[in-house]
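Pulled from Swiss-Prot:
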{"type": "DISULFID", "residues": "Cys6-Cys36", "note": "disulfide bond"}
{"type": "DISULFID", "residues": "Cys14-Cys33", "note": "disulfide bond"}
{"type": "DISULFID", "residues": "Cys22-Cys54", "note": "disulfide bond"}
{"type": "DOMAIN", "residues": "4-54", "note": "domain 'Kazal-like'"}
{"type": "CARBOHYD", "residues": "Asn43", "note": "N-linked glycosylation site"}
Amino acid sequence: TATVDCSGYPQSACPQDYVPFCGSDNKTYSNKCNFCNAVADSNGTLTLSHFGKC
C-alpha cells in the first residue's frame, strides 16, 4: 500500500506544481500539499489510493 507522510499539514498555501496523487475518494489531487491538506481535513478518513491521476 502506498503511503504519504502528511506530518506538518495542513498548510495555508500550496505550491502550483503538478505531481498528482489519487485519493481513496477517487479524486485526483494536484500535489502532495493539496492531498495532505485534504487528509488533514478528513480527520484521517482519506488515504492514498495510488500515485498519479485517478
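Note that Cβ sites are derived from N, Cα and C of the backbone, with glycine treated the same way.
Features as recorded by Swiss-Prot, highlighted on the structure.
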{"residue": "Cys6", "record": "disulfide bond", "CB count, 10 Å": "18"}
{"residue": "Cys14", "record": "disulfide bond", "CB count, 10 Å": "17"}
{"residue": "Cys22", "record": "disulfide bond", "CB count, 10 Å": "18"}
{"residue": "Cys33", "record": "disulfide bond", "CB count, 10 Å": "21"}
{"residue": "Cys36", "record": "disulfide bond", "CB count, 10 Å": "23"}
{"residue": "Asn43", "record": "N-linked glycosylation site", "CB count, 10 Å": "7"}
{"residue": "Cys54", "record": "disulfide bond", "CB count, 10 Å": "14"}
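Of all the disulfide-bonded residues listed here (Cys6, Cys22, Cys54), Cys6 has the Cα closest to the Cα of Cys33 (disulfide bond).
Cys54 (disulfide bond) sits 16 Å from Cys36 (disulfide bond), counting Cα to Cα. When the domain 'Kazal-like' (4-54) is classified with DSSP, helix, strand and coil residues number 10 helix, 9 strand, 32 coil. The recorded positions shown are Cys6, Cys22, Cys36, Asn43; of these, the one with its CA atom nearest the CA of Cys14 (disulfide bond) is Cys36. Cys36 (disulfide bond) and Cys22 (disulfide bond) are 11 Å apart (CA-CA, integer value). If you measure from the Cα atom of Cys36 (disulfide bond) to that of Asn43 (N-linked glycosylation site), you get 11 Å.
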